[in-house]
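Asks: Take a look at this one; I'll ask things after.
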């Protein structure tokens, strides 16, 4: 049973890594590495298997499906099951505060609420009915968002800061990115829910990491393990050091130590991404705009080879109106309120 749990956590690490690589592979800096990696794999993996892998990747990342939504819920359920089964009862024996122990569950409830909103809320789909309204929201910069451009798929005039999502097959107002974990686009009307979802997910992982760490430290202190001595390989009496304590805890509580490692790494990854998203919100940028701006900046880099047809562009963020105005635009989108009043 322990082996199965550890294997599932390892599989979770691999899946998260695959998603990260697939997301990063969209940037020009990683395309060369991905291309070289694909060439190497082509010599190792049979063609029929390569085609099956490509079909699977296309289904996972280029079509709307609930695979990662289900995976998200399974991983969350596994982590909380391990926390309840391994840590909660032992912490009660050490007389931890119940408020402290129940905090991850409270964060889970709030997180699932915003997760559902991120999945189900309309991100700001542009239609014939609201096309004129969206055209008046943001001004065109005549660079990244020129006037009088039509979407070749939807046959709609493209408002500034909008983009056609090839996965959802729709144009989205203030398009940020398509998130496979919520199976939805992140746009003007659900970006605030996505930020709260990301915040509570990071907080729940960090809280669980803190509880697990405090439990292990308390266990060492109560048992006076740090004061013990042992005989090393050379027959000398030696005081217990940190490495010995970690090895002892891993052998005694392998699932708790592995869970701690998992939530620590997850907290770091989610926290880093959350900081990036908050930076974009504070500067009134979207992930799509930041990527295109970074790509335009990279075109001036002499160490990067670009096609001759790729003309360097200069990106200017003309939509930032100061910190509080930018945040108010994220959390109180004016067009969404106007639409509700019309109905």
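Using the three backbone atoms N, Cα and C, a Cβ is placed for every residue, glycine included.
Please treat TrEMBL annotations as automatic predictions, because they have not gone through curation.
So TrEMBL lists these for the protein:
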DOMAIN    150-292  domain 'Palmitoyltransferase DHHC'
TRANSMEM  6-25  transmembrane segment
TRANSMEM  59-80  transmembrane segment
TRANSMEM  100-119  transmembrane segment
TRANSMEM  194-217  transmembrane segment
TRANSMEM  256-282  transmembrane segment
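Quick one: how deep are these features, and who are their neighbours?
Replies: Residue counts for the domain 'Palmitoyltransferase DHHC' (150-292) under DSSP, helix first, then strand, then coil, are 82 helix, 20 strand, 41 coil.
Same-chain neighbours of the transmembrane segment (100-119): 69, 72, 76, 80, 83, 88, 91-92, 179, 182-184, 186, 190, 193-194, 196-197, 200-201, 203-204, 207-208, 211, counting only residues six or more beyond its ends whose CB sits under 8 Å from a CB of the stretch.
Within its own chain, the transmembrane segment (194-217) has Cβ neighbours under 8 Å at 79, 83, 87, 90-91, 94, 96, 100-101, 103-104, 107-108, 110-111, 114-115, 117-118, 176, 179, 182, 186, 249, 253, 256-257, 259-260, 263-264, 266-267, 270-271, 273-274, 277-278, 281, 330, counting only residues six or more beyond its boundaries.
The list of residues near the transmembrane segment (256-282) in space but at least 6 beyond its ends in sequence, with Cβ under 8 angstroms from a Cβ of it, reads 6, 9, 12-13, 16, 79, 82-83, 86-87, 176, 191, 194-195, 198-199, 201-202, 205-206, 208-209, 212-213, 215-216, 246, 249-250, 290, 323, 326-327, 330.
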Asks: The domain 'Palmitoyltransferase DHHC' (150-292): mean pLDDT?
Replies: 89
